[in-house]
Amino acid sequence: MAFSAPVLRAFSQPTFTYVIKFPYNNWKEDEHLLWSLLAPGTESLMIQLKNCAPHPEDDPIREDILCSLADLHYGAVFAKACYIATSTLMGQKQRTLFPRCDIVCQSEIGSDFLHCHILVGGAGLSKRNAKISRATLLGLVMAELTQRCKLLLAHRPFEPAEATIYHELKRIEREAWSGHTGNWVQILQYKDKRGDLHAQPIDPLRFLKHYILPKNRLISPSSKPDVCTSPDNWFILADKTYSHTIINGLPLLERNRKAYLQELESEVIPGPSAMAFGGRGAWEQLPEVGEQRLITSNTSTAYKANKKEKLMLNLLDKCDELNLLVYEDLVSACPDLLLMLEGQPGGARLIEQVLGMHHIKVCAKHTALSFLFHLHPDQLLTSSNKALKLLLIQGYNPLQVGHAICCVLNKQMGKQNTICFYGPASTGKTNFAKAIVQGVRLYGCVNHLNKGFVFNDCRQRLIIWWEECLMHQDWVEPAKCILGGTECRIDVKHKDSVLLQQTPVIISTNHDIYSVVGGNTVSHVHAAPLKERVLQLNFMKQLPQTFGEISPSEIAELLQWCFNEYDCTLAGFKQKWNLDKVPNSFPIGDLCPTHSQDFTLHENGFCSDCGGYLPHSADDSVYTDVASETTSGDYDPGNLGDTDGEDSKSEASEVDYCPPKKRRVISATPPNSPVSGPSLSTFLDTWQSQPRDDDELRIYEEQASQFQKNTKSTSEREEAQLGESQEPQPEPDPTAWGEKLGVCSSQQPGQPPIVLYCFEDLRPSDEDEGENIGGD
């Protein structure tokens, strides 16, 4: 083109825009002070400009004055100071004296302040540090202005009013270097969804086209734009003005503004004709949009979560996937995710909110019983279960108790929403209650010490544990609602009261919970309604110290067996156990005949009716007759029963003497004997599911074949014994009978028979062997 203007066809990115105000409020009234401080020698020209006529009238004096004031007025000096300061700032960012950047500075006379627009783009300036750089930029601009003011001191000292402006500039400079900008520098910002402000990058060429260039010139508030702007360079529709413009260190003259604007519109920035408008021009009629298109285009955009929300959602998914219920579970399962969320503002509070949301989700989805089965799936009840053993020791039917616990935990027991384990110390009540609540895991505890907020920990829980329960008149009324499963509002510390839904309660205590204590009085008014809400089990037998703790999996085994076998509702419980109503004191168990509550007899399993252990079954084939293996070398004269003979034992030993058993177990068990392998109950407990691999399949086939061989050998042995017993035996003659009686005939004729031994020494025969075993 025919002009030499500082045309920008490309601008460095990213680009940000600043606005710097001149820090003097009464600058319009004291405009002459700015003339003398920043542009000395231009006072007379500015006064003459006030008296010039506006265009379209021809005024040669006006043209000469405007040419003389080209870049010497205080607006131009202010724009130069801003450019030098911005260039210095970019040099610091890029660590060079000659930074590679693009800078546009335009000073303007506003309604309140003299200000300067700065467009700067280049490496070293980013979205993160552009906002922080405001104080540095303001300090550099104020330093340039104070240096400009000091040039006047070479000719004359400051007037008092001039000194006031100078000291104000120095004060703003000191505050800027300390980080305080006041309201003297601003940057274009945007607000995010959280309300935080961030630096807004801009399109510099479009900003030049639409905001910087289409303005008329005004160099003094006492003049007018039609005086300071020539008719050829007048923007008809522009209502804003500028004072001076600098692009990359060169002034943009008034006569070149329109040409530069036209070049930006036609060549640099694509216009509407080049866009995808179907070939229509900028002023042509746009296509009509139908109603259906408006409806379809009125769809809401997808919400994009920020970093904090994504972390919270990930943590909530982890809690649901891994069943994380408390802070300790988060530390052990996902510490990396926990640390990232802790690093966010208010991270501890966010973690509490996530856990609270997960608790609400679990309570809405599960009951205490279903969540217990969710945590402990596919449990098989065995006769070595400690929960089964404890209930049998205390005299209860463990299956009936398990049925009742299932109904309570599943919220199907009607008004009886509480199970109370009552008894003295060391009877297993806390052991049993702790196993139940730890199996559920999401439980709350009642705290007597915090008297104002006793049930503070009971909200958003699947089950409540009331350890060492004690009724007091301060909390007996809400306690009756909670024990009966009625919804009520409870007080929570530092929060409003919350609604407590029906939550099963487990109590372990050695106090009388039906007596209400208040001050120095004990009341029994609430005893009847409390008993209607509580199902009490009395544990009165102390357990040995070697009993051990009941694990949550053992509780899950018992409850899962009862849940699969019985109808876990109030009607099903009463129908199964033939009850008209469920009493407050749980009924004692009634064992079947020959069934025992002794844990030493647990190998054969338990009864599915009374819960007792099944009796032992013995096999006579593993025993043999001792008399058949006794020889004369093993003869013991003490077994004769003769008190006159010599005996080394004392009378006390004779009194306590118990004859030896006539049967004994064979020391070496035959390999085909049923006792040589595991029992049938042990085999069934071991192979309750299919083998998981080839090794387990091989072991299963070996044990199964061994059981088949044992069964076959036992049947063959029984048949052989039966056949031997049915064979005809020859009738013994008198001589044979005499030999059996210990009488032999004499070798010499006429002599009496010889008696070999006394009848007292005769061993019992096979016929009376069973009568003498274990008897005297």
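For all residues, glycine too, the Cβ spot is worked out from N, Cα and C.
The Cβ of Tyr211 (active site, for nuclease activity) has 15 other Cβ atoms within 10 Å, all protein chains considered. Residues or ranges marked as active site, for nuclease activity by Swiss-Prot on the basis of sequence analysis: Tyr211.
The Cβ of Glu108 (divalent metal cation binding site) lies under 8 Å from the Cβ of Gly75, Leu114, His115, Cys116, His117, Lys215, Lys240, Thr241, Tyr242, Ser243, each of these being in the same chain and 6 or more residues away along the sequence. Secondary structure at Glu108 (divalent metal cation binding site), as computed by DSSP, is strand. Taken from Swiss-Prot, the feature divalent metal cation binding site applies to Glu108, His115, His117, supported by sequence analysis.
In sequence order, Gln394, Phe539, Met540, Lys541, Gln542, Leu543 make up the list of same-chain residues 6 or more apart from Thr427 (ATP binding site) whose Cβ falls under 8 Å from its Cβ. Annotation source Swiss-Prot lists ATP binding site at Gly423, Pro424, Ala425, Ser426, Thr427, Gly428, Lys429, Thr430, citing sequence analysis.
Residues annotated as compositional bias 'Polar residues' in Swiss-Prot: 674-690.
For 11-271, the entry in Swiss-Prot reads domain 'PV NS1-Nuc', with the evidence type sequence analysis. Restricting the average to the domain 'PV NS1-Nuc' (11-271) gives a pLDDT of 85.
Positions annotated as domain 'SF3 helicase' by Swiss-Prot, on the basis of sequence analysis: 397-552.
Residues or ranges marked as region 'Ori-binding' by Swiss-Prot: 193-197.
The annotation region 'Transactivation' is assigned in Swiss-Prot to 606-776 on the grounds of similarity to another entry.
Sequence annotations record features per position, and here Swiss-Prot assigns region 'Disordered' to 627-690 (among others).
Among the features that Swiss-Prot reports, region 'Disordered' is placed at 705-749 (among others).
The annotation motif 'RCR-3' is assigned in Swiss-Prot to 211-215 on the grounds of sequence analysis.
Non-local neighbourhood of Pro424 (ATP binding site): Asn510, Met540, Gln542, each in the same chain, at least six residues away, with C-beta under 8 Å from its C-beta.
Helix, strand and coil counts from DSSP across the region 'Ori-binding' (193-197) read 0 helix, 1 strand, 4 coil.
In space, Thr430 is the closest of the binding-site residues Gly423, Ala425, Ser426, Gly428, Thr430 to Tyr211 (active site, for nuclease activity), judged by Cα positions. The Cβ of Ser426 has fewer other Cβ atoms within 10 Å than any other of the binding-site residues Ser426, Thr430. Each of Phe421, Asn431, Asn510, Phe539, Gln542, Leu543 belongs to the same chain as Gly423, Pro424, Ala425, Ser426, Thr427, Gly428, Lys429, Thr430, is absent from that list, and has a C-beta within 8 angstroms of the C-beta centroid marking the ATP site.
Taking H, G and I as helix, E and B as strand and the rest as coil, DSSP gives the motif 'RCR-3' (211-215) the counts 2 helix, 0 strand, 3 coil. Compared over the binding-site residues His115, His117, Lys429, the count of CB atoms lying within 10 A of a residue's CB peaks at Lys429.
Sequence-distant contacts of Gly423 (ATP binding site), defined as residues of its own chain at least six apart whose C-beta falls under 8 angstroms from its C-beta, comprise Lys429, Asn510, Asn538, Phe539, Met540. Sequence-distant contacts of Gly428 (ATP binding site), defined by Cβ-Cβ distance under 8 angstroms and a gap of at least six in the same chain, are Leu390, Ile393, Gln394, Phe539, Leu543, Phe547, Ile550.
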